[in-house]
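Peer 1: Pasting a structure below so you can have a look.
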Amino acid sequence: MNCVRMRLQCRLMPSSNTLARWCLESPQKNLTLHRPRISNVALRQASTSVSPKTRETEAEAKAKKLDQKRLDEHEEEVRAREQQVRRPWHREGADKPPVEGNADPIAKGKLLTTPTRLLKLILPLPLRVEKDQKNNGRNNEYGRSISLNSDIQPLALLIHPQQPLSYVERLIQAELPPVVENGQEKIPNVYFRAEDSEQGDQKPTSRAEARSKDDGGEPSEYNTNLSHVASYSGLGHRGPKRSSQDKRWVRWSSSTEMGDFIRDAARGREFAIEIEGYNIEMRVSVPSFGDRTYYMRQRLRKMSSEIDGLAKIKHECDLLAHRSAHRLAKGGFGLLAGWWGVVYYVTFHTEFGWDLVEPVTYLAGLTTIMGGYLWFLYINKDLSYKAAMNVTVSRRQHALYEMKGFDIERWEQLVQDANALRREIRVIAVEYDVDWDETRDVGEDVKDVLDEERSRRDDEHRSIEKEKDEKFTEDEKRKRKKDKESKETSGDS
């Protein structure tokens with residue numbers, strides 16, 4: 001049925017050439033054109049029947065439009081990235097909070113270490129100061145109202161270990177509203193409290209003491225009273241928990257340095273900051289030795305890896321330089337042996353004899369002595385085998401360093417910085433009473449290299465100081481001699 005209908009529709013739609021021919025052949029008078037009745041389906045098919053060229057142009061236009069749209073989107077994305085690099089505050093979604101969702105409120109403060117020497121103190125202040133328009137005065141200044149923080153926003157402070165507690169106290173006071181006492185406003189005082197040291201651990205410190213304690217005897221006279229000895233652990237917040245009944249708090253003076261206070265507070269897990277007038281006590285966890293030296297040890301490991309690679313190149317160059325110096329020394333001995341052989345042969349196996357060889361040997365020996373004396377006057381140093389070897393080795397070393405691409409200035413700077421970091425970590429280890437095993441962070445080979453370079457630098461420093469002292473004594477002698485001569489000349493006149 002569909003096929004028959006489609007054939008009828010096709011017959012009802014004659015082509016343009018057939019219609020024109022039919023119009024020309026028919027007479028104009030009796031011409032009566034009747035509009036053919038065409039169904040909607042035939043009209044829709046006629047409208048959709050497009051030539052292949054038209055379809056190609058439409059497809060190309062759509063493709064160009066899509067390509068242009070993609071290019072525009074890419075350009076906008078690149079422009080947005082450049083804008084973010086130039087102005088980070090104009091990034092996408094800058095008006096949205098960085099963290100979505102409700103975070104748990106901080107109930108305990110922390111003392112964190114930073115890559116620098118500063119310490120980051122985070123305090124959960126439960127108070128905040130708001131502007132109150134009701135207390136607005138004539139000066140159009142908003143009054144302050146005190147309210148509790150439902151969501152505590154921690155306060156971050158950067159502190160240097162050598163700054164006193166009074167500095168931290170002033171920083172905290174600047175963030176607090178004044179308290180009213182006897183009708184007058186007063187800045188609240190801030191107190192720092194740390195756990196008191198235990199009254200000695202009563203542990204034996206020697207075999208004799210342990211043996212006497214096992215036998216039921218009294219300990220030695222040097223350890224009869226350990227209540228005046230403070231115990232240190234250095235564990236900080238990683239230490240064992242103790243109940244609040246076992247803790248005894250001691251208030252520290254505001255003139256104490258922050259580093260000393262932290263060192264003493266590290267025996268416990270935390271210290272307390274009390275604010276007068278608000279009955280607020282904030283507990284702050286204390287960093288352990290590992291936390292305090294985390295970034296230092298990380299930098300030391302990074303330096304150690306670089307020092308290890310440079311040390312291998314330096315060791316190879318130094319070994320070649322010493323071999324060259326020893327070859328040169330052996331060559332000098334061979335030259336002297338050859339000279340002895342020539343003198344022996346000319347003296348006993350030729351017709352010239354000792355009469356000719358004797359003055360030649362005298363002149364050659366005297367020339368050698370004069371040349372060595374002139375060289376000693378030129379270098380103005382001790383004439384010794386060690387000094388000559390050092391000069392020869394150092395020249396060969398510098399030549400090999402340049403050949404291998406070894407930067408001696410970079411090496412010295414790395415060694416100096418690494419030794420400074422080691423010294424600083426040792427100081428902190430002494431403060432925390434902790435034995436620091438540096439081979440775990442540095443390595444045995446790098447540790448030996450650093451110790452060797454430090455001893456060499458110390459020897460050079462001592463030799464330089466010795467030369468300065470000798471020069472100073474010589475100058476003083478000359479000055480005294482001149483003063484004595486001037487006094488004698490003035491007395492004679």
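Just so it is clear, glycine is given a Cβ too, placed from its N, Cα and C backbone atoms.
Found this in Swiss-Prot, in case it helps:
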BINDING   Glu358  Ca(2+) binding site
COILED    64-84  coiled coil
COILED    450-470  coiled coil
REGION    44-107  region 'Disordered'
REGION    193-225  region 'Disordered'
REGION    230-249  region 'Disordered'
REGION    447-493  region 'Disordered'
TOPO_DOM  46-326  topological domain 'Mitochondrial matrix'
TOPO_DOM  379-493  topological domain 'Mitochondrial matrix'
TRANSIT   1-45  transit peptide
TRANSMEM  327-348  transmembrane segment
TRANSMEM  356-378  transmembrane segment
Peer 1: Residues of the same chain, at least six outside the transmembrane segment (356-378), with any C-beta under 8 angstroms of its C-beta?
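Peer 2: Contacts with the transmembrane segment (356-378): 339, 343, 346-347.
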Peer 1: With Cβ-Cβ distance below 8 Å and at least 6 positions apart along the chain, what are the contacts of Glu358 (Ca(2+) binding site)? List them in sequence order.
Peer 2: none
Peer 1: Go ahead and report the DSSP secondary structure tallies for the region 'Disordered' (447-493): helix first, then strand, then coil.
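Peer 2: Tallying H, G and I as helix, E and B as strand, the rest coil: 46 helix, 0 strand, 1 coil.
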Peer 1: Across the whole of the coiled coil (450-470), what does the mean pLDDT come to? Round it, please.
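Peer 2: Overall, the coiled coil (450-470) comes to a mean pLDDT of 79.
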